[in-house]
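Asker: Taken from Swiss-Prot, the feature transmembrane segment applies to 5-25, 77-97, 104-124, 150-170, 207-227, 263-283, 304-324, 356-376, 406-426, 430-450, 469-489, 498-518 (among others), supported by sequence analysis.
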Amino acid sequence: MKIRHWSALSLFVLPALAQAEALTGEVHRQPLNIQAIVMFLLFVGGTLYITYWASKRTRSRQDYYTAGGRITGFQNGLAIAGDYMSAASFLGISALVYASGYDGLIYSIGFLIGWPIILFLIAERLRNLGRYTFADVASYRLQQRPIRTLSACGSLVVVALYLIAQMVGAGKLIQLLFGLNYHVAVVLVGILMVLYVLFGGMLATTWVQIIKAVMLLSGATFMAIMVMKSVNFNFNTLFSEAVKVHPKGLSIMSPGGLVSDPISALSLGLALMFGTAGLPHILMRFFTVSDAKEARKSVFYATGFIGYFYILTFIIGFGAILLVGPNQTFKDAAGALLGGNNMAAVHLANAVGGSFFLGFISAVAFATILAVVAGLTLAGASAVSHDLYASVIKKGKANERDELRVSKITVIILGIVAIGLGILFEKQNIAFMVGLAFSIAASCNFPIIIISMYWDKLTTRGAMIGGWLGLSTAVILMILGPTIWVTILGHEKPIYPYEYPALFSMIAAFVGTWFFSITDNSETGKQERLLFKSQFVRSQTGLGASKGGAH
């Protein structure tokens with residue numbers, strides 16, 4: 001019972017973990033939705049045209065990785081929101097509210113808490129110190145090759161795990177929403193993702209994410225307005241009517257129904273909070289703006305859009321309780337919701353807007369997946385081409401043309417691997433992969449970034465040992481935990497009793513980095529400490545920072 005309760009929590013706290021709920025159990029295939037197919041084709045046609053347009057404007061390495069630094073703060077804020085808001089969080093959080101009520105609000109807002117960290121501690125310094133990837137920042141005053149190797153490995157592991165989650169989620173959700181075959185859906189997403197990134201680079205990826213964010217926010221806003229209209233825009237009426245029709249009655253207005261293990265809750269909370277600040281595809285977006293001021297604006301707008309979206313999902317969830325729950329049209333013979341609870345928001349779209357709006361929401365779900373996987377692919381490709389190839393293998397002497405070629409080859413390889421893994425993991429519950437992705441981002445990427453920016457005594461030795469310690473501890477504890485050790489490998493009891501490792505792996509990373517830095521008395525270590533002052537000046541003033549193009 002304890003594990004079951006915690007599993008419910010773990011599936012919904014993160015946007016991508018919310019997706020995992022759609023991946024477990026039987027998928028109820030929906031009939032082919034012609035409106036959804038037409039709107040989806042319009043979206044794909046429009047975004048492929050944008051990719052063609054972007055390809056004409058993507059001539060240099062800077063254009064490919066950062067759209068030439070010409071994206072405005074507002075545009076980048078929308079794109080970050082588009083990169084971060086998942087279709088399944090839309091379906092998953094609203095499904096949680098539909099099933100459990102108030103708990104959904106706690107988790108959807110809890111998922112926002114990583115953004116103030118990025119706004120106040122990271123965005124400005126990241127933009128001033130870096131150029132294309134966060135490894136530029138981590139290696140600013142440390143030894144380039146070992147630090148970039150560690151950063152690239154951390155990035156690629158996070159990208160790979162997140163990509164598997166998105167691809168499997170894409171296949172299952174498209175099967176749910178469109179009635180398409182799972183394998184066809186995965187291959188389709190893989191091909192489109194490669195086309196966007198291969199030809200359009202960051203410029204095409206940015207505009208796909210902006211369009212998706214606008215579509216998702218517009219659709220969710222319309223649904224929320226229609227729900228409120230049905231109760232004369234009175235929240236008291238919405239909640240009191242929902243309590244009357246929900247099987248759990250008044251308990252849907254109380255918190256805490258899903259939390260039974262405080263250590264796991266704390267561990268997942270840390271992964272969520274600090275992992276957000278270590279996601280490579282999110283951090284990469286801060287280099288697309290012209291300066292630190294625009295980077296701060298980006299986070300400000302993104303936080304507003306994401307927060308607004310999660311408030312809408314709460315209204316949508318209660319709207320589904322009121323308008324979908326009592327309606328037998330949306331139930332099967334046994335009285336369960338057609339397609340499972342994850343379809344609550346989709347059925348609500350049908351209830352408030354008919355088949356046309358249902359088609360729109362289904363197309364938005366597909367658009368959302370494409371936007372997220374495009375951002376992940378570009379982050380993975382830049383880690384290989386810029387960090388590993390140009391800086392480690394070629395020791396900073398690679399020419400721009402070769403680096404771009406390596407990046408584009410990596411995009412194709414990532415696309416093939418993503419399709420293969422998506423098909424391979426079709427039957428798996430991949431919630432633990434996303435939890436591991438966030439845990440690794442919090443245990444490896446985040447400590448390196450934050451300590452390199454703020455602590456003057458950091459040395460390469462400390463960063464390397466601490467970073468690898470955090471990365472390996474996160475992976476080992478995840479394997480020894482209940483999800484893999486018991487559920488997948490079939491052992492009777494887990495060696496590590498908690499679902500997520502971040503609480504312990506983050507401590508290992510920070511303590512390891514601190515201890516092995518302060519005990520480093522080498523000449524190299526002393527030189528690295530002396531370089532902190534010049535780094536601090538640049539991080540605060542932007543003097544010497546790479547400049548984006550004019551807007």
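Residue positions begin at 1 at the first shown residue.
Placement of Cβ uses the backbone N, Cα and C atoms for every residue, glycine included.
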Asker: Among 104-124, 263-283, 304-324, 406-426, which stretch has the most Cβ pairs under 8 Å to the transmembrane segment (150-170)?
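Answerer: If we count Cβ pairs closer than 8 Å to the transmembrane segment (150-170), 406-426 scores highest.
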Asker: Ranking 77-97, 304-324, 406-426 by the number of C-beta pairs under 8 Å to the transmembrane segment (263-283), which range is first?
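Answerer: Looking only at 77-97, 304-324, 406-426, the most contacts with the transmembrane segment (263-283) come from 77-97.
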Asker: Other than its close neighbours in sequence, what residues sit by the transmembrane segment (304-324), given a CB gap under 8 Å and a spacing of at least six beyond its ends?
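Answerer: For the transmembrane segment (304-324), the list is 77-78, 81, 84-85, 89-90, 93-98, 101, 104-105, 108-109, 111-112, 115, 213, 216-217, 220-221, 223-224, 226-228, 230-231, 238-239, 241-242, 245-246, 252, 330, 337, 344-345, 347-348, 351-352.
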Asker: Using a Cβ cut-off of under 8 Å, list the residues of the same chain at least 6 residues beyond the transmembrane segment (469-489) that approach it.
Answerer: 3, 150, 153-154, 157, 428-429, 431-432, 435-436, 439-440, 443-444, 447, 495-502, 504-506, 508-510, 512
Asker: When each of 77-97, 104-124, 406-426, 430-450, 498-518 is checked against the transmembrane segment (356-376) for Cβ pairs under 8 Å, which one has the most?
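Answerer: Stretch with maximum Cβ contacts: 77-97.
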